[in-house]
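Feature annotations, courtesy of TrEMBL:
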BINDING   D51  L-glutamine binding site
BINDING   L210, I242, S317, G318  ATP binding site
DOMAIN    1-145  domain 'Glutamine amidotransferase type-2'
SITE      E319  site 'Important for beta-aspartyl-AMP intermediate formation'
Amino acid sequence: MLFTFQSTLYIHYLISSNCIDRTLMHQEVKHLRHKNKMQCQFGFDYQTKVDGEIILHLYDKGGIEQTVCMLDGVFAFILLDTANKKVFLGRDTYGVRPLFKAMTEDGFLAVCSEAKGLVNLRHSTTPFLKVEPFLPGHYEVLDLKPNGKVASVEMVKYHHCRDEPLHALYDNVEKLFPGFELETVKSNLRILFNNAVKKRLMTDRRIGCLLSGGLDSSLVAATLLKQLKEAQVQYPLQTFAIGMEDSPDLQAARKVANHIGSEHHEVLFNSEEGIQALDEVIFSLETYDITTVRASVGMYLISKYIRKNTDSVVIFSGEGSDELTQGYIYFHKAPSPEKAEQESERLLKELYLFDVLRADRTTAAHGLELRVPFLDHRFSSYYLSLPPEMRIPKHGIEKHLLRETFEDSNLIPKEILWRPKEAFSDGITSVKNSWFRILQDYVEHQVDDTMMAAASEKFPFNTPKTKEGYYYRQIFERHYPGRADWLTHYWMPKWINATDPSARTLTHYKSAAKA
């Protein structure tokens, strides 16, 4: 790794190899700064309007540990300190922003926001350069050698999702009341969620919102529109929904848009368009996980529409809520509240491999900047601090606490507030002809039984068990041969004998659909 910069401190922003606007990593450091409060507390004198300048000031004042702990937002950075001959890498708590690195035994270091920017690098000491994701919620300290090579000193986990972040000392959240009385908790959640949306309004570009018509995206859209009005933003909020004809998501999103008064866009696609997008989607995602690929097609196509047909660039979504608030249907089968709590935290820890990977890559591939209020540090750490029995599904309804919290707010229609969970990849199509069935019917003609019989020999790691999984793996290997270990395991529901990740295969969903 060779740096030619002369400055004592230099922040490197990671630039994607295939995205239009990933410059500056889409860092949400415009709201990450807490500029006014930190300027008052620390006396920082900003010299530029560059989002990441705050990182330099924090590092200069308190070193790398204080820097990463004080950042409120999503980020990935490289910080070079030539005076002290140090290099630092850092990534946000949930890994919303991607970061990959490759490092050889002799100290060659390469870093990029996406793995595709590293896979074709060649180095004299190794014929195959190992590329791996940088762990979320960590920073790494490396010594910088005179020859430009580096040596890793330590890898530090700086924040656990349950812990209140250090930067909470400087935010403007109104005082939260202590205790676990239901009304107290609901009030605190409303305060924190409103603030999570409000702080993410900071941008010079037009804001839009993905709207599936489910609970999470609907709460985000309604709160966002309310906050935009209070901020006297002059343009109307654009909301975006995608689906095939008669999809449940399109119908539900239309109800929410009418209720909140957004400028609503409906994007229709057919099965052929979805299937044709698979190659581009897998290339953008850098994964072959079945449920991730399925859910990414709709998000990729709607992002493409937004970029081509509107001037909305900063896009809000409801990502992270299912993992945080135990929204997946299989949580109904949790053996105990404590086991459900453990599973929730596991899912949050692995978000960077699945849902936020999907959300970031599909939007960034079209130059859009994703913002995810449900993964706000204050909101998520408070939610996870609540007693386990308070967070589990109740009365056959997942996310019961979250729904109760907004019961009397009139933010969204009651039928949407209490709408059962609908997986995004399923909701975009009709109940009669699910997206996963369309895909499986298609791959049935692309992968034969002979290929499946030899799957374990061809793909010994993460061997695909279905023809759909085999088909996605083939595409992945064509783009990224020998890189299957980027995905440690497939996403699948727990506590049930599921053979497919689709919610529509679960007994609970089937009974709810009939009701």
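Glycine too: its Cβ is placed from the backbone N, Cα and C atoms.
Bear in mind that TrEMBL entries carry predicted annotations, made automatically and left uncurated.
Remember, it's a predicted structure, so these values are computed and weren't measured experimentally.
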Rounded to the nearest Å - Cα separation of E319 (site 'Important for beta-aspartyl-AMP intermediate formation') and D51 (L-glutamine binding site): 23
Cα distance (Å, whole number) from S317 (ATP binding site) to the residue listed as 'L-glutamine binding site': 22
PLDDT averaged over the residues of the domain 'Glutamine amidotransferase type-2' (1-145): 77
Cβ neighbours of E319 (site 'Important for beta-aspartyl-AMP intermediate formation') where a neighbour is any other Cβ within 10 Å: 28
Those residues of the chain, 6+ apart, with a Cβ under 8 Å from that of G318 (ATP binding site): L210, S212, G214, L215, D216, S217, S218, L219, V220, V372, F374
Surrounding CB atoms that lie within 10 Å of the CB of D51 (L-glutamine binding site), all protein chains: 22
All-chain count of other Cβ atoms within 10 Å of L210 (ATP binding site): 27
Other CB atoms within 10 A, centred on S317 (ATP binding site): 26
